[in-house]
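The block underneath contains the structure these notes are about, expressed in structure tokens.
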Amino acid sequence: MSLEMFDKEIFDLTNKELERQCEGLEMIASENFTLPEVMEVMGSILTNKYAEGYPGKRYYGGCEFVDEIETLAIERCKKLFNCKFANVQPNSGSQANQGVYAALINPGDKILGMDLSHGGHLTHGAKVSSSGKMYESCFYGVELDGRIDYEKVREIAKKEKPKLIVCGASAYARVIDFAKFREIADEIGAYLFADIAHIAGLVVAGEHPSPFPYAHVVSSTTHKTLRGPRGGIIMTNDEELAKKINSAIFPGIQGGPLMHVIAAKAVGFKFNLSDEWKVYAKQVRTNAQVLANVLMDRKFKLVSDGTDNHLVLMSFLDREFSGKDADLALGNAGITANKNTVPGEIRSPFITSGLRLGTPALTARGFKEKEMEIVSNYIADILDDVNNEKLQENIKQELKKLASNFIIYERAMF
């Protein structure tokens, strides 16, 4: 029996989501479009298999084939990131980070991460996250120019003396200097942990410097700029740390791994290792630069005055409207983005004074410089007259026509 026959409610809602993804423009920086091949294996019989433990050391029988699958995923991950050890079992980026903390430090130890309002992530010590409850957290941020001042980070690190420094961000548009972070970590005897969830796809294509050999441990999601399934990974070059990480993930915070997702990670890594991937990642950056340049030409303020990666962060501190207003206006025009806090924030996290925009998903659809210039100017038009609902509707129809030339999926399920 087909899903349409068995559960028409879910079938219909899934197809409505397909329509939304195809007709609208996805510009949330952390979202992307994965491969049909990735979705195909995620919907396979591999979901039936319990495989607690690791390849060759399982707590269940019948794991001979899933052992081969997980080993293949591990080997591809190691090759992709040019590292010696990889754990592909984390169910998410947040759980990967949780596993890193559990492996490297003890509850109550101090961690130093980027302030959430300056572009960091919840799992880098934010008080509302378990990382800020189980561990004592302190923060560095960006300066008024929107960039990290590494001397300031050094001063904070020497004063606070954390056991672990987290580098990586969810809304930072500039290159991260991993070598400088390692210098600082070494000066105070701390671990350096790089969370590259947002930039991993650029890193493996050579479009952003790698955290190896500087970071003791590296984590990432496998979706976002990697375009794989939703999940997490942890990498290191240190055998002893690898053992601790493995124990922290299982049996520490997870039970049976999701073998259908691990297989999908392996498929995604195969794509990431291809020459086609390098072309894609380069275009992601090029498109982001077009977006940044058009918005600045149209007199909008960008945090750090541009971008080096896949995203731009707009600041509305000089405008009457908020990030939430901008988010809603773009949404009405068929562009999905997200409100975001900015340095010098004056509004609540639910309102914000910023907007984060990314190019990975549009690039996956085939958008290049010409299309990005059109989209960027429409964004500026909308934000120049943020309450004009008629304009938003007109632009929505124009963008719908544009999107129809770049259909990425013909059906909702594979």
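Numbering starts at 1 and runs along the chain as displayed.
Cβ coordinates come from backbone N, Cα and C, glycine included.
Swiss-Prot has this to say about the protein:
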{"type": "BINDING", "residues": "Leu116, Gly120, His121, Leu122, Glu240, Ser348, Pro349, Phe350", "note": "(6S)-5,6,7,8-tetrahydrofolate binding site"}
{"type": "SITE", "residues": "His223", "note": "site 'Plays an important role in substrate specificity'"}
{"type": "MOD_RES", "residues": "Lys224", "note": "N6-(pyridoxal phosphate)lysine"}
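On the structure: features taken from Swiss-Prot.
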residue	record	DSSP (3 states)
Leu116	(6S)-5,6,7,8-tetrahydrofolate binding site	helix
His121	(6S)-5,6,7,8-tetrahydrofolate binding site	coil
His223	site 'Plays an important role in substrate specificity'	coil
Glu240	(6S)-5,6,7,8-tetrahydrofolate binding site	helix
Ser348	(6S)-5,6,7,8-tetrahydrofolate binding site	coil
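Set side by side, the binding-site residues Leu116, Leu122 differ in how many other CB atoms lie within 10 angstroms of their CB, and the most is found at Leu116. Between the CA atoms of Lys224 (N6-(pyridoxal phosphate)lysine) and Gly120 ((6S)-5,6,7,8-tetrahydrofolate binding site) there is a gap of 16 Å, rounded to the nearest whole number. Comparing Ser348 ((6S)-5,6,7,8-tetrahydrofolate binding site) with His223 (site 'Plays an important role in substrate specificity'), their Cα atoms are 29 Å apart once rounded. Counting only residues at least six positions away in the same chain, the Cβ atoms of Gly113, Met114, Gly168, Ala169, Ser170, Asp195, Ala197 sit under 8 Å from the Cβ of His121 ((6S)-5,6,7,8-tetrahydrofolate binding site). Less than 8 angstroms from the CB of Phe350 ((6S)-5,6,7,8-tetrahydrofolate binding site) sit Lys324, each of them six or more residues away in the same chain. Max Cα-Cα distance over the annotated (6S)-5,6,7,8-tetrahydrofolate binders (Leu116, Gly120, His121, Leu122, Glu240, Ser348, Pro349, Phe350) is 43 Å. When the neighbouring Cβ atoms lying within 10 Å are counted for each of the binding-site residues (Gly120, Pro349), the highest count belongs to Gly120.
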